[in-house]
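J.: I have a structure here, written as structure tokens, and I will follow up with some questions on it.
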Amino acid sequence: MSDNPFSLWVYLSQSPLLWLTVTLLTYAAADAVSLATRRHPLANPVLHAMWIIGAFLLLTGTSYTTYFAGAQFVHFLLGPATVALAVPLYENRKRVAAAILPMLIALAAGSVTAIVSVVLLAQAFGLPRSLILAMAPKSVTAGVAMGISQSLHADPSLTAVAVILTGIMGAIIVTPLMNLTGITDYRARGFAVGIAAHGIGTARAFQVDEVAGVFAGIAMSLNALVTSLLVPLAVTFLVH
Amino acid sequence: MIASLSLILLCQLIGEVTVRALAVPVPGPVVGLLLLLLLLLARDQFPSLARGPLANDGVEGASRGLLANLSLLFVPAGVGVVQKLDLLAEHGVAILAILAVSVIVTLLVTVATFVAASSLLSRADEEP
């Protein structure tokens, strides 16, 4: 090690330990800042952790594959976290059962809007077909959206980026936008952000209000079901 | 703790197996969610189920722990943006504008539909 100061870096930069630590440390710092600003929407911890780690990878010339070898342990937990949504759902079952009809109607309207709006806008901007297909499932959670994208022969890693960007924008916009509309029904506010901005929106909703978080979680799970059925349909009818 | 995490993973595993076996276009973890929900509801009916991870806030505690850090789990996929910088340089402004407009429209449509449906339905309930 003392012979060559770079040999330690060469060893560490290839090990999952370094990149897992970098992911957790950066997020912990970004989350601390978010907490210090009393959860200001622009202090979104995902957004800031993302660009800081991204810049670090570019500066050190580390490939995403090497990074992901460490970060995959965090990424993996997306699945179990989806299962875990059963618990807040169970604990608020009476409130959820009472709102089942408005939820299903809002789900249909929101899910269709999320897909159709992005496809039509992308066509209006004249984006290439491959890009439109990859962006179509952007409102559902990363794992599901990547699956949909794969079945359309689009680029799943591009879909993941569209999904995360959508989630961050939704999480930043939702509170000011909803305050502007004057709607104070936290069930409706949570449900909307769960449909539009999946898990990142749900995480934001839990920060604002527990009921909003529960409804966001339900919306995100229901939307995962509906969108997997709707995107292939929408693509058939809208993308030429 | 370990038993609770195992139960969550087991629900997901059964979900993935079911989805693959039946070839339905539903994500495995969503089936796992339904499974865990059914287990928790069944526990209310059959108190004998309240043991191991289903007792003493076991699976509930583990789930709350996972959900409290939900945003962290999106960071690795988000960093994937470094692979797409050339594409963003070419179409970045259009992509950001499209996603932003789509998110705002979706939020407004969903929240308005929810509020309208819920007030219509509660009015229908009040009328005899």
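Any Cβ shown, glycine's included, is placed from N, Cα and C.
TrEMBL: automatically predicted annotations, no manual curation.
These came from TrEMBL, pasted as-is:
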- A:6-30: transmembrane segment (TRANSMEM)
- A:42-61: transmembrane segment (TRANSMEM)
- A:67-87: transmembrane segment (TRANSMEM)
- A:99-125: transmembrane segment (TRANSMEM)
- A:158-178: transmembrane segment (TRANSMEM)
- A:190-208: transmembrane segment (TRANSMEM)
- A:214-239: transmembrane segment (TRANSMEM)
J.: Between the transmembrane segment (A:190-208) and the transmembrane segment (A:99-125), are there three or more CB pairs that fall under 8 A, provided the residues in each pair are separated by 6 or more in sequence?
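T.: Yes, these stretches are in contact.
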J.: Give the one range among A:6-30, A:42-61, A:67-87, A:190-208, A:214-239 whose Cβ atoms make the most pairs under 8 Å with those of the transmembrane segment (A:158-178).
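T.: The stretch with the most close Cβ contacts to the transmembrane segment (A:158-178) is A:190-208.
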J.: Counting CB pairs under 8 Å, which listed stretch among A:42-61, A:67-87, A:190-208 touches the transmembrane segment (A:6-30) the most?
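T.: Between the stretches A:42-61, A:67-87, A:190-208, A:67-87 has the largest tally.
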J.: For the transmembrane segment (A:214-239) and the transmembrane segment (A:67-87), decide whether they are in contact, meaning at least 3 CB pairs lie under 8 A, counting pairs 6 or more apart in sequence.
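T.: These two stretches do touch.
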J.: Is the transmembrane segment (A:67-87) packed against any residues at least 6 beyond its ends, judged by a Cβ distance under 8 Å, and which are they?
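T.: That would be 15-24, 53, 57, 141-143, 199, 217-218, 220-221.
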J.: Which residues, given as numbers and ranges, are at least 6 beyond the ends of the transmembrane segment (A:190-208) yet have a Cβ under 8 Å from it?
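T.: For the transmembrane segment (A:190-208), the nonlocal Cβ contacts are 39, 41, 44, 46, 78, 81-82, 103, 106-107, 110-111, 114, 139-142, 163-164, 166-171, 174-175, 178, 214-220, 223-224.
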